[in-house]
Amino acid sequence: MSLCVAPRHPTGAAAALGLGSLLVLLGPGRACPAGCACTDPHTVDCRDRGLPSVPDPFPLDVRKLLVAGNRIQQIPEDFFIFHGDLVYLDFRNNSLRSLEEGTFSGSGKLAFLDLSYNNLTQLGAGAFRSAGRLVKLSLANNHLAGVHEAAFESLESLQVLELNDNNLRSLNVAALDALPALRTVRLDGNPWLCDCDFAHLFSWIQENTSKLPKGLDAIQCSLPMEDRRVALRELSEASFSECKFSLSLTDLFIIIFSGVAVSIAAIISSFFLATVVQCFQRCAPNKDTEDEDDDEDD
């Protein structure tokens with residue numbers, strides 16, 4: 001007689017062990033985005049896929065993310081909060097238009113950031129705050145027309161900065177002075193205007209020529225009174241000598257405000273003095289009359 005034995009179901013401990021083994025095999029967040037290639041446990045390659053946004057999901061512990069050649073318009077605000085292990089981000093040739101405040105929160109390990117060939121037009125104060133370990137930052141071939149003097153604050157480890165081929169006409173030297181480890185900076189390919197606002201940057205460039213990989217010949221500027229561009233090598237500190245006697249817009253505001261304040265103070269003082277004199281004149285005749293009355297009584 002054959003006995004029919006019911007199949008055994010795994011005990012709770014066995015099921016938990018099996019699930020644990022599966023998780024170990026899969027690892028933390030091992031999902032690879034559709035159409036991308038995860039060439040190793042810490043690299044995700046999504047280049048030239050026509051993606052409209054940052055792919056999701058992908059391994060949470062990714063260290064190298066390649067998304068160049070897509071149509072991505074923004075970096076999610078919480079992106080680095082979930083992917084804090086990221087060291088290398090290639091974001092070239094996308095449609096990025098702006099960097100929102102807090103975009104790089106949680107990017108404490110990021111060392112290489114390539115944002116070249118995007119549509120950035122402005123960099124605000126603290127644009128890269130929290131990315132203090134950045135070593136190389138490329139912003140080349142964007143449409144940058146303005147860089148805040150505090151745009152690179154906290155980037156104390158930055159060694160390479162690429163600002164070439166943008167629309168910069170001027171740049172506050174304070175933005176560069178905030179980078180103590182800077183070794184290489186690209187400033188060529190911009191429509192610099194050699195006016196008095198450029199004088200401070202010219203002095204900085206003269207003192208840091210060794211940091212310019214293409215030298216002074218590659219950087220050109222337009223002369224305000226002439227319809228031509230010249231290489232910085234053709235200029236000298238003497239070219240900006242007249243700027244020592246010129247006043248900036250801030251200086252003019254201070255002078256105007258001081259003049260108005262002095263004028264108001266003078267008017268108030270004159271009014272007060274006139275009032276005192278008038279009161280004195282009114283009181284003086286009465287005193288003279290009293291003196292005459294006293295003389296008559298005598």
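Cβ from N, Cα, C; glycine included.
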Determine, on the basis of Swiss-Prot, the cysteine among C221, C243 paired with C194 in a disulphide. C221
Where does the N-linked glycosylation site label fall among N93, N119, going by Swiss-Prot? N119
Mind checking which residues of the chain, 6+ beyond the ends of the domain 'LRRNT' (32-60), have their Cβ under 8 Å from one of its Cβ atoms? 66-76, 79, 82-83, 85, 90
Residue numbers, six or more beyond the limits of the repeat 'LRR 4' (133-154), whose CB comes under 8 Å of its CB atoms: 92, 108-127, 160-169, 171-172, 174-176, 178-179, 186, 189
Counting by DSSP, what is the helix, strand and coil composition of the repeat 'LRR 1' (61-82)? 4 helix, 3 strand, 15 coil
